[in-house]
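Peer 1: If you scroll down you'll find the structure; I have some questions about it.
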Amino acid sequence: MDKLKKVLSGQDTEDRSGLSEVVEASSLSWSTRIKGFIACFAIGILCSLLGTVLLWVPRKGLHLFAVFYTFGNIASIGSTIFLMGPVKQLKRMFEPTRLIATIMVLLCFALTLCSAFWWHNKGLALIFCILQSLALTWYSLSFIPFARDAVKKCFAVCLA
C-alpha cells in the first residue's frame, strides 16, 4: 500500500540505490512498531515501579531504585523510537523547541545515577528522580501543540 501511495504521489523513482533498498527491507511494519512501542513502554513502566518498590530494600535499595527508575524512564522514551524511527526521534529531541527539555532529562538521568553510586546521597537521588519526572513531563508536553503554553498559563493563574 505504501508503494502505491509513493507511485501515485510521484515520490517513487526507478533509480533506487542499494542503501534505500536495504532501509526499506529492514523497516518494521506498522503493527510491529506498535507492538514494540507497547512492549518497550510497558517494560519502562514496570522498571520504574519496581525501582520505587526496591527503594525500601535495606542497604542496596537506593542503588536499585536509581538504576531501575532511570532505566524505566529511558525505556519509556526509547519506546517512541518504534513509532518514529531512531533518526527522526533524535532529530526531534534536539529541535530548538525541546532542546532545553531534552538536556534537562538527560542531565537528570546522569545526576540520579551519580547521586546513588558516587555520592551515596538518598535525599539527592530522590530529588533528582522527582526532577527527572518533571523534566520528562515537560519534554512530553513539547510534542503536544500549545500544551506547554497552557501549563504555563495555568501556573501563572494559580500563582497570581
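Residue numbering: from 1, along the chain as shown.
Every residue, even glycine, has its Cβ placed from backbone N, Cα and C.
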Peer 1: Can you tell me if Swiss-Prot, going by its topological domain labels, places His63 on the same membrane side as Ala147?
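Peer 2: For His63 and Ala147, the topology recorded in Swiss-Prot gives opposite membrane sides.
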Peer 1: Which residue among Ser9, Ser17 does Swiss-Prot mark as phosphoserine?
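Peer 2: That would be Ser9, per the phosphoserine annotation in Swiss-Prot.
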